[in-house]
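The N-linked glycosylation site annotation in Swiss-Prot covers Asn157, Asn227, Asn239. The phosphoserine annotation in Swiss-Prot covers Ser24, Ser463, Ser645. Annotation source Swiss-Prot lists topological domain 'Cytoplasmic' at 1-38, 88-104, 185-192, 270-289, 361-385, 431-489, 545-554, 603-657, citing sequence analysis. Residues annotated as topological domain 'Extracellular' in Swiss-Prot, with sequence analysis given as evidence: 60-66, 126-163, 214-248, 311-339, 511-523, 576-581. Annotation source Swiss-Prot lists transmembrane segment at 39-59, 67-87, 105-125, 249-269, 290-310, 340-360, 386-406, 410-430, 490-510, 524-544, 555-575, 582-602 (among others), citing sequence analysis.
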Amino acid sequence: MIPCRAVLTFTRCLIRRKIVTLDSLEDSKLCRCLTTMDLIALGVGSTLGAGVYVLAGEVAKADSGPSIVVSFLIAALASVMAGLCYAEFGARVPKTGSAYLYTYVTVGELWAFITGWNLILSYVIGTSSVARAWSGTFDELLNKQIGQFFKTYFKMNYTGLAEYPDFFAVCLVLLLAGLLSFGVKESAWVNKFFTAINILVLLFVMVAGFVKGNVANWKISEEFLKNISASAREPPSENGTSIYGAGGFMPYGFTGTLAGAATCFYAFVGFDCIATTGEEVRNPQKAIPIGIVTSLLVCFMAYFGVSAALTLMMPYYLLDEKSPLPVAFEYVGWGPAKYVVAAGSLCALSTSLLGSMFPLPRILFAMARDGLLFRFLARVSKRQSPVAATMTAGVISAVMAFLFDLKALVDMMSIGTLMAYSLVAACVLILRYQPGLCYEQPKYTPEKDILESCTNATSKSESQVTMLQGQGFSLRTLFNPSALPTRQSASLVSFLVGFLAFLIAGLSILTTYGVQAIARLEAWSLALLALFLVLCAAVILTIWRQPQNQQKVAFMVPFLPFLPAFSILVNIYLMVQLSADTWVRFSIWMVLGFLIYFAYGIRHSLEGNPRDEEEDEDVCPDNVNAAAEEKSAMQANDHHQRNLSLPFILHEKTSEC
């Protein structure tokens, strides 16, 4: 029988949180050289990929019609909710790691590893698939001569593998890995160059669309669509309308517009790469929130403008789903414009490839530095770039692009991204209701005065909540809480956030797989629906009643807890829509990850071992001993509260390499 002490120790290992210290925030082995404009270009380039040249036509024809502009608006609002949560964490914890780090400092090590492991999968598949798409687009410009050559001499007839090995994609990935290894500043310049060309091409598309467009294409009558369907000998839909809908601005109704918004949501994925630059940007507390919000705004304007121009130039039912813009320009008599579109598409793929490749080594670097992955991945070059993680990421992505058919794996990207979005939103909720405490003491400054001021700063709030610390949960403390957050209220919020995620998952499953029963007004489905809705509302209102921490940072999510809760709802609902095969593949990937974590990561985690940083060797032994004594004293007095809390950054970093 396993002793209870061993079980308790093992459980504590799984939920231990990363302690972020002042000295670790100030110090970084990476080069602080990126500006706010670099972050905006990185976010726009990563998010505004080749999908802008394809997605609008596909969604407009099948789901939304001209109301695709509304679909993009809804999708943008849902994405901004996730973006705001990332922005607050970027302001609070400006360290490399993105959602992995945010989860680590808030809900513990196991969830952090799951998040980081899923992000690795998402970025690897994203990099490999974009590299193959770049290769395929370039091959199209050469009349598919490259593909025909490799199909003739290197054809592969194996299940799960690609039709032929893509040598061009391999060279592309390795070239990009070399560029990123050389330095982040040089990579940023390349990204800004291609992003600028992409934006110029999209501006050309918008202007051309509004010049050659016809508002009548947004007002097509239902009778006209029926005549077209009849002439093409196409059967009508179930409700007697044309297969192209009922015409007008919303030919498929508002449900079609919402369905289009669910697809368009993925068009805004990519801004999270900005959050991985925390140790490479000047003044990250301001630059990261501005970069995330501005890049999402620019991307929305681009998607909105291109989709409006496209549906004005050409009736939505005639749009080509694979190459909508070239066909639309042919339709209005501007055939040569397709070459401009091709150039923009290649530039968009280039920035999207860099946007997928850029955050991958930084996630590997952050996890390796914390001891959860192999330590060699945390090596940094003389140019202050995570060279080992970058080259490892490049080799893995190149092998994937070289051999595998990635179409079946692309949906797995969505799980990792949506799970990260959900966890970051949940972490914001948990974080904002924690008691505010000072940082863990820096190790090598004469800190006694700072420690005393830290104690004085928290003594007032501690004295005000002393009476509540020992009390158990009660209806009075539940609905009439104290004015300041306590450990009790923080624990309550943490439990309620987990319960809310469970309720939202149940609600999403019911509305996805029981929608027919709800439509038939079956009693069991209506009862379950009402139960989920009432409980969700009660949980959110209870969280809203709890006291928030009053300390301020450069950016904070507004409308708590409603905005993060809605973000969790959107993300979990979209996760439920994924196929069973995708979840099976995801489970296999997670089994592999757990093998690595329980065999290596849990034993080598820095949070469970003494910190052996290189710079400690240069510190005076007397200062180290004094700092160690002060740190151990503080841990003895306040260990549990420090683990529950998270530091709040109140200063700016402008250091540069």
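One is the number of the first residue shown, and numbering goes on along the chain from there.
Placed from the backbone N, Cα and C atoms, the Cβ positions cover glycine too.
For Asn157 (N-linked glycosylation site), no same-chain residue 6+ apart in sequence has a C-beta under 8 angstroms from its C-beta. The list of residues near the transmembrane segment (67-87) in space but at least 6 beyond its ends in sequence, with Cβ under 8 angstroms from a Cβ of it, reads 56, 59-60, 98-99, 102, 249-251, 256-258, 260-265, 267-269, 271-272, 274-275, 288-289, 292-293, 296, 299-300, 303-304, 307-308, 311, 316, 421, 424-425, 427-428, 555, 557-558, 563-564, 566-567, 570-571. In the three-state DSSP scheme, Asn157 (N-linked glycosylation site) is classed as coil. Beyond the topological domain 'Cytoplasmic' (88-104), the same-chain residues lying 6 or more positions past its ends with a Cβ under 8 Å from any Cβ of the stretch are 17-18, 20, 24-25, 28, 30, 111-112, 115-116, 119, 272-281, 284-286, 288-289, 292, 359, 362-363, 365-367, 370, 420-421, 423-424, 427-428, 431, 553-557, 646-649, 653. Here the Cβ of Asn227 (N-linked glycosylation site) has 12 other Cβ atoms within 10 Å, regardless of which shown protein chain they belong to.
Asn227 (N-linked glycosylation site) falls within a helix when secondary structure is assigned with DSSP. At the 8 Å Cβ threshold, with sequence separation of at least 6, the transmembrane segment (290-310) comes into contact with the transmembrane segment (39-59) through 3 or more pairs. Taking residue pairs at least 6 apart in sequence, the transmembrane segment (555-575) and the transmembrane segment (105-125) share fewer than three C-beta contacts under 8 angstroms.
Note on the topological domain 'Extracellular' (576-581): DSSP counts are 3 helix, 0 strand, 3 coil. Segment contact holds for the transmembrane segment (555-575) and the transmembrane segment (410-430), given three or more CB pairs below 8 angstroms at sequence separation of 6 or more.
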